[in-house]
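What TrEMBL says about this protein:
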- S191: active site, charge relay system (ACT_SITE)
- D285: active site, charge relay system (ACT_SITE)
- H319: active site, charge relay system (ACT_SITE)
- 177-370: domain 'BAAT/Acyl-CoA thioester hydrolase C-terminal' (DOMAIN)
Amino acid sequence: MAHCTIRLLPSYKCSFEDPVHVTVSGLNHQQRVDLRSKITDESGRVFQASATYQADDNGQVDLNRDPSLGGSFTGVEPMGLFWALKAEVVSGKFALTDVTRPALVDIEVVSDNRVIAKVTNERHCLTEGVRRIPVTEGRIRGTLFMPPVFGDVEEPVVTTLIYYNFEVFMYIIFNFFPKVKDQKIGLVSISKSGDLGLSMATFLPGISATVWINGCNANTLVPIYYKDICVPPLMFDIKRAKMTPLGLVDIGDVMNDPMSEEGLPSIIPIERASGNFMFIMSEADRNWQSAYYAKLACDRLKAHGKNNYELVRYEKAGHFIEVPYMPFCLANFHAAANQVVYFGGEPKAHSEAQLDTWKRMVNFFKKHLAGKQSWPKVLAVT
C-alpha cells in the first residue's frame, strides 16, 4: 500500500459554517477503512463520529461520491463526519464561546485498529485581523468585534457573519455606538431570547429585520419593562413535565398557553412593529411549543393586515438551530428547569435545517437591511 493521505479541500482552514471536501488516497484496491472525526469543546467534552468506507479501484475514497457503509451515518454524506459528531453522554451541548480560537476537528483514517493518516480541520469563527473589544458600561457586558478597515469604512461585525459584512453587536450595547444609531438594525434571537427580540422589534425604533428561532410569541419567565409599559411573564407548571424512554425530562408542554385568559396579557403586540420578521420553527422542538408560538405570531400579524413576515418550518429539527455543522444537541442542562432536559430532533435533519437556516438568514438580512449608503447592522440577542 502506498502512503495514505487525507486532503481537505479547498483548505484545511475554513470558516466554521463552510463545508470541506474530504478525500483519501494511497489505499489498496477496494480496501475498507474507518474514518473517524473528533473535536474537544472548551469544557473538555469530546465529540466523535465514525464511518466505514471502501476505496475504489485506484485506492481512493471521496466523501462527496462514496457512501458510508456503516457507523455514525450511512450513505453519501459529504459532511457526515461533522454533523454526526456527538458526545459519549446523551446530555452534552457543544461549548464554543472563545471565538478567537479555531475549533479543531481531527480526522483519522484507521485500518486494522491502526491510524494510517490524520489531518486537522481548523474551523474559524473570525477572519484574520479582527479585533475583539470587551465592552463594560455599568452592569452591561458585551463584546465588539472590529475587522480591519476597508477603504474609509470600519465595520463592526461578529463571528461567522463577518463574511457578509454585517455589523453584529450584543443587543444591549447598541445605543453606546453612534455608528449603529439611525441605521437599519437586524436582530437574531433564539429560544428565550426570541421573545426579547420580538419585544425589541415592537417597542424600539430602527429595528428593520428580526429573525426568531424557536422562541415564544409571549414574554416568558420574567416581566419586561419599556418606559411605562410592563409586559407580564407567561409562566409554567413543571408538573406537566414527563420522562422520555431515554430517561430524559421532557418539558415541551410545561408552559402555560399564551391564548389562555391568564396568558393573553403576556403576548407581545408585534403588530406595532414596523420591521420584518422571519419565524423559524422546529416541529420536533421539545423545549417548548415553538411551532405553535410561531403560528400564533403569524396569525396575529395577518389579523392586523400585516404581510411583513416569513414562516420557515423544519419537521424533524430540534431546539437549538445554530451555525451550520454545529454538533447536534439532543439534551442538556436547562437553567429554568434546573435539570437535564430533552430538546428533540434528529441529527441529520437538524444539520440540514441549520444549513438551510443560515442561507435564509443571510438573504433575509441582505433584503431588508442592505442599502446603498450604509452597512447593514445585525445584533445578536442572547
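The count begins at 1 with the first shown residue.
Backbone N, Cα and C atoms are what each Cβ position is placed from, and that goes for glycine too.
What TrEMBL says about a protein is an automatic prediction, not a curated fact.
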Report summary line: The rounded CA-CA distance in Å from H319 (active site, charge relay system) to D285 (active site, charge relay system) is 5
Query raised in the report: Just counting, how many other CB atoms are there within 10 A of the CB of D285 (active site, charge relay system)?
Result: 26
Report task. Measure from the CA atom of S191 (active site, charge relay system) to the CA atom of D285 (active site, charge relay system) and give the result in Å, rounded to a whole number. Result -> 10
Query raised in the report: What is the Cβ neighbour count of S191 (active site, charge relay system) at a 10 Å cut-off, with all protein chains included?
Result: 21
Query raised in the report: What average pLDDT is reported by the model for the domain 'BAAT/Acyl-CoA thioester hydrolase C-terminal' (177-370)?
Result: 93
